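As written in TrEMBL, here are the features:
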BINDING   229-236, 312-316, 374-377  GTP binding site
COMPBIAS  31-97  compositional bias 'Low complexity'
COMPBIAS  98-108  compositional bias 'Pro residues'
DOMAIN    395-408  domain 'SRP54-type proteins GTP-binding'
REGION    31-119  region 'Disordered'
TRANSMEM  6-26  transmembrane segment
Amino acid sequence: MDTNVIIGIVIAAIVVVAIVVGVIVARTKKNATAPAASAETPTPAPAASAGESGPVEAAAGTAESAAESTAESAQSAAGPAEETAAEPAAPEAAPTPEAAPTPEPAPAPAVETPESAGSRLTRLKARLAKSANPFGKALFNILAKDNLSEADWEDVEDTLLLADVGAEASEKLVEDLRTDARVAGSHDPAQVRAALREKLLDLVGRDADRRLNADKPGAAAPSVIIMVGVNGTGKTTTAGKLARLFVAEGKHVVMGAADTFRAAAADQLETWGAKVGVPVVRSDKDGADPASVAFEASARAKEDGADVLIIDTAGRLQNKANLMDELGKIRRVTEKNLPVDEVLLVLDATTGQNGMTQAKVFAEAIGITGVVLTKLDGSAKGGIVVSVQKELGVPVKLVGLGEGPDDLAPFDPEGFVDGILA
Ligand SMILES: Nc1nc2c(ncn2[C@@H]2O[C@H](COP(=O)(O)OP(=O)(O)OP(=O)(O)O)[C@@H](O)[C@H]2O)c(=O)[nH]1
Ligand SMILES: [Mg+2]
């Protein structure tokens with residue numbers, strides 16, 4: 001009995017050992033075959049198909065068709081080569097996504113908080129005073145003299161003309177100042193300054209409604225703004241800065257890159273938009289129809305329930321009739337989706353009176369509801385504020401005072417006059 005039990009245990013042990021060994025051997029075989037297959041398959045298979053197809057076809061052809069077949073074989077070789085290039089890409093691509101997600105999501109949350117309108121006004125007022133712009137100060141220095149001679153009054157008028165106030169307005173201001181007792185009769189600098197400040201404020205227009213239509217109560221939503229102007233005045237920059245101003249007010253903004261003249265223009269607008277999380281509707285084709293981009297942008301803004309749509313357009317010379325007609329088309333096509341509430345003419349303050357001719361033609365071609373005066377920081381011609389309003393009968397609504405992202409502010413007549421008198 002005891003011997004039988006021992007024999008039984010020994011047999012059982014042998015069976016168990018045999019099973020364990022069997023399992024180990026099977027696993028080792030599997031491991032050995034799997035990597036070999038995955039490593040080998042991609043390389044030899046394509047090499048064979050690319051290499052074989054050429055010679056086989058060439059051999060079948062006659063002398064005449066040899067050239068064709070060679071070409072074909074080259075093509076057929078290229079074909080599989082492409083396929084094979086794609087094939088191995090698949091298994092190789094598989095492991096990469098695991099590593100890729102780590103670095104990519106990092107840049108996404110970097111959305112900036114733009115400066116509020118109130119605080120930028122104070123900053124911009126100071127900048128205006130420091131710029132090359134204070135023609136008001138030059139006027140004050142003449143007017144504060146004790147006995148004003150005819151030559152002094154001529155200097156006053158010249159200063160106004162040089163600052164681009166315009167001939168008619170300059171003449172009128174000189175007349176007003178000459179008859180003002182505080183200037184002509186008093187020698188108190190404070191009174192002279194007060195009188196000059198008042199007159200300049202009258203000239204700039206203190207009562208005009210300078211709000212953007214999008215900011216008025218009961219404004220359409222989405223409210224549509226189109227930026228127009230000659231080349232390089234600052235349309236795209238202003239569109240970007242304006243988007244920030246709206247974002248600072250908590251508005252949902254969409255932009256349309258209807259400057260399809262060059263892809264860089266849409267890229268430029270996208271860069272502005274990306275900083276504050278504003279989407280940009282654009283075309284990927286250089287030279288696409290700008291009106292169709294405007295149409296798509298207005299459709300998107302409507303669909304998204306945006307508060308404001310800003311459409312940037314290409315710079316154009318006012319004497320190019322076809323380009324001016326294109327602006328009319330952009331407006332009409334946009335209006336198939338949404339009414340256009342605002343057309344902002346972007347004028348470079350440093351161009352002075354030349355800007356006036358442009359302004360008139362743009363006003364006729366597309367209609368203008370407001371002016372943005374850019375580069376006032378580098379201009380001694382701030383008087384253009386006066387002349388452009390007088391000529392067009394539309395107010396200056398915004399001013400650009402630098403290249404910084406928040407260097408755009410609603411135009412404030414008091415701030416402007418104080419800035420140029422400082
Ligand atoms: N100093 C100063 N520079 C400005 C101001 N606004 C715009 N610029 C600069 O003017 C240059 C032209 O600006 P853009 O916005 O590209 O002008 P644009 O009108 O869109 O130009 P096009 O699309 O080519 O017609 C850029 O270098 C801007 O930084 C401003 O208020 N002050
Ligand atoms: Mg532009």
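Glycine is treated like the rest: Cβ placed from N, Cα and C.
Taking Cβ-Cβ distances under 8 Å and a sequence gap of 6 or more within the same chain, the neighbours of LYS235 (GTP binding site) are MET227, VAL228, GLY229, ASP259, ASP312, THR313, GLY315, VAL346.
Look at LYS235 (GTP binding site): DSSP puts it in a helix. Proximity of the binding-site residues LYS235, ARG316, LEU376 to ligand 2, judged by a Cβ distance under 6 angstroms to any of its atoms, singles out LYS235 in sequence order. Cβ contacts within 10 Å of GLY229 (GTP binding site), excluding its own Cβ and spanning all protein chains shown: 27.
Shown for the domain 'SRP54-type proteins GTP-binding' (395-408): DSSP residue counts in helix, strand and coil, namely 0 helix, 6 strand, 8 coil.
Annotation note: GLY229 (GTP binding site) sits in a coil segment as assigned by DSSP. When pLDDT is averaged over the domain 'SRP54-type proteins GTP-binding' (395-408), the result is 92. Reduced to three states, the DSSP call for LEU376 (GTP binding site) is helix.
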